[in-house]
Amino acid sequence: MNVSIVGSGYVGTTVAACLADIGHDVINIEIDEDIVEAINAGEAPIHESGLAERIADHAGSSLRATTDYDAVRETDVTFLCLPTPQSEDGSLDLAIMRAGAESLGRALADEDGDHLVVVKSTVLPGTTEDVVGPVLEAESGTAIGDGLEIAMNPEFLRMGTAVEDFLEPDKIVFGASSDGAAETLRELYAPILDRQGTDLVETDVREAELIKYANNAFLASKVSLVNELGNIAKEYDADAYEVLEAVGLDDRISERFMRSGLGWGGSCFPKDVNALRAGARDQGYEPALLDAAVTVNDAQPRRLVDLLEEHVPLEGARIAVLGLSFKPGTDDVRKSRALDVIDHLTDRGADVVAADPVAIENVRPDYPDIEYAASAEAALEGADGAVVATDWPEFDGLSFDGMARRVLVDGRRIDVDEDALEVYEGLTW
Ligand SMILES: NC(=O)c1ccc[n+]([C@@H]2O[C@H](COP(=O)([O-])OP(=O)(O)OC[C@H]3O[C@@H](n4cnc5c(N)ncnc54)[C@H](O)[C@@H]3O)[C@@H](O)[C@H]2O)c1
Ligand SMILES: O=c1ccn([C@@H]2O[C@H](COP(=O)(O)OP(=O)(O)O[C@H]3O[C@H](CO)[C@@H](O)[C@H](O)[C@H]3O)[C@@H](O)[C@H]2O)c(=O)[nH]1
C-alpha cells in the first residue's frame, strides 16, 4: 500500500520505517529539513533501537522523506503523527494538528480517487471528527464519505523500544468513519495482526481517542500509587521493591509498572494526564484521582534532593547526576525527572556534573551552565555526592572509587555495590 506519514518525529519516523519494513511504500512529510535529509540519507534522526538499520535498509526505495505535502497524492492513506502539546494551562493545544490538517487538505484538493486520513496523534474525544475532519473537508473540497475517509488509530509504542512495540504490539486500536476505512486499516496492519498475541480493537472514533488517554492515565496513576506506597515504605524503613514485587504476583495487579522512585516524565504521560484533566474539567467533571497522581509525581524529585541533603550540605558541593533522559534507551529529555532534580540541586547551590550515554546534547542548550562528563565514572570523579536519575543499564556495577565522598542517593534502583559506598539511600527503599 502507498502510505504517507505527516510529521516525522519519534512516532512518525518509527511508524514510517516499520511500515516500510512490513512491505509498504512510505513517504514522510516533515517540515524540518534536517530530518528529511537524514531519512533520505538512510540515517535515523533519533536514537531508537532497531530504527537506524530499518531506515538504512529502506531509504531511497520504499522509504522516502520530503517537505512537500503534494507527495500525499501519490498515496492512498495518510497518517497524522503531529505533536499535540499542552498549552500553558495544561489543556490540549491543537494548533499544529489544525495547521497540518489544512496543508494536507489543500494537497488532497487535487487528488483523484479515495483517500483515508488516519489520526495517530494523541487527541481528546471529538478532535478527529469535529476538528480534523471539518478542516480536511473545507480545504480539500471533498466531503467525508464521498472520497475522503477518516479514522483514529492511537499509538501505544514506548520510547526506547518503539520499533519492537510497533511491530509486536499487545493491541491495535482503531475507530473508523466507514467499513471501507476499517478494511484499509486491517489490510495495512495485516502482517502485524497475523502475529499471535496482537489483539485488534475496532471501535468508534471517540472511543479510540479516549482509549489512548485512559491507557496513559492508568499507567501514570499506577506509578504514582506505587510511589506513594514507596514513600510510605521508606517511612517504615521497609523496602518498597520487595513489597511491590509480592503485590504484583496478584495477576489482577501485574508486576509491570511497579518500579517506584523518581516518577514519570517523558513527552506523553505528563501532557496526556494534564490534557485529560483539563478535558474532564471542561466537561464538568473534577478528576480528583488524576490530580493526586500529578501531585505525588511532582514531589519525587524534591524528595530525592532532600534525602541527599540529609547527608551532604549542598551549598558549593559537587554533585554527580547520573542519567538525563526521561528513561533508559532514549535520548529524549522532555519532562525528564532528571531536569527537576538538577533544578532543585542548583537552587540549593550545588555544582552539578551530569552524565548520560546519549542525551547530553539534548540538555546542554537549556542547561549551558552545568558541567557534563563523558561517562558516569568521570562524573563521579571528585564528587561530594551523586544521584541516580535514570536507570540506564550502563550505570549498573559502577565504581565509586573516584568520589570525594561516596554518597549515592538512588532514584531508580540500579544495581549497586552498597559496600563500596559510605552512604547508599534508595528513594523508596
Ligand atoms: N513519543 C511517543 O512515545 C508517543 C507514543 C504514542 C503517541 N504519541 C503521540 O504522537 C504524536 C507525535 O508525537 P512525537 O513524539 O512523534 O512528536 P515529535 O515532536 O517527536 O514529532 C513531531 C514532528 O512533526 C513535525 N511537524 C510539526 N509541524 C508539522 C507540520 N505542519 N507538517 C509536517 N511536520 C510537522 C515536527 O517537526 C516533528 O518532527 C503526539 O500526539 C504524541 O502524543 C507519542
Ligand atoms: O514502573 C515504572 C514504569 C515507568 N516509570 C516511568 O514512567 C515514565 C514513562 O515510562 P514508559 O511508559 O516506559 O515510557 P513512554 O515512552 O513515555 O511510554 C508511555 O507513553 C507513550 C506515549 O503516549 C505510550 O505510547 C506508551 O504506551 C506509554 O507507556 C518514565 O519516566 C519511566 O521512568 C516508572 O517510574 N516506573
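Including glycine, each Cβ sits where the backbone N, Cα and C put it.
Remember, TrEMBL labels are computer predictions, not curated facts.
The shown structure was predicted, so the numbers you read here are calculated from the model rather than taken from an experiment.
Under the heading NAD(+) binding site, TrEMBL lists Thr84, Thr122, Lys271, Arg334. DSSP assigns Thr84 (NAD(+) binding site) to coil, not to a helix or a strand. Other C-beta atoms found within 10 angstroms of the C-beta of Thr84 (NAD(+) binding site) number 21, with every protein chain shown included.
Neighbours of Lys327 (substrate binding site), defined as other CB atoms within 10 A of its CB across all chains, total 20. Positions annotated as substrate binding site by TrEMBL: Lys212, Phe257, Met258, Arg259, Ser260, Gly261, Gly265, Lys327.
For Cys268 (active site, nucleophile), the same-chain residues 6+ apart in sequence whose C-beta sits under 8 angstroms from its C-beta are Thr122, Asn216. Taken from TrEMBL, the feature active site, nucleophile applies to Cys268.
Residues annotated as domain 'UDP-glucose/GDP-mannose dehydrogenase C-terminal' in TrEMBL: 320-416.
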Distance-selected recorded positions near ligand 2 (C-beta under 6 Å), from Phe257, Cys268, Lys271: Phe257, Cys268
Same-chain residues at least 6 apart in sequence whose Cβ lies under 8 Å from Lys212 (substrate binding site): Thr122, Pro154, Glu155, Phe156, Val173, Asp272
Rounded Cα separation (Å) that holds between Met258 (substrate binding site) and Arg334 (NAD(+) binding site): 22
Residue among the binding-site residues Lys271, Arg334 whose Cβ has the most other Cβ atoms within 10 Å: Lys271
Binding residues Lys212, Phe257, Met258, Arg259, Ser260, Gly261, Gly265, Lys327 (substrate) - maximum C-alpha distance in whole Å: 25
Alpha-carbon spacing, Lys271 (NAD(+) binding site) to Gly265 (substrate binding site), which is rounded to whole Å: 9
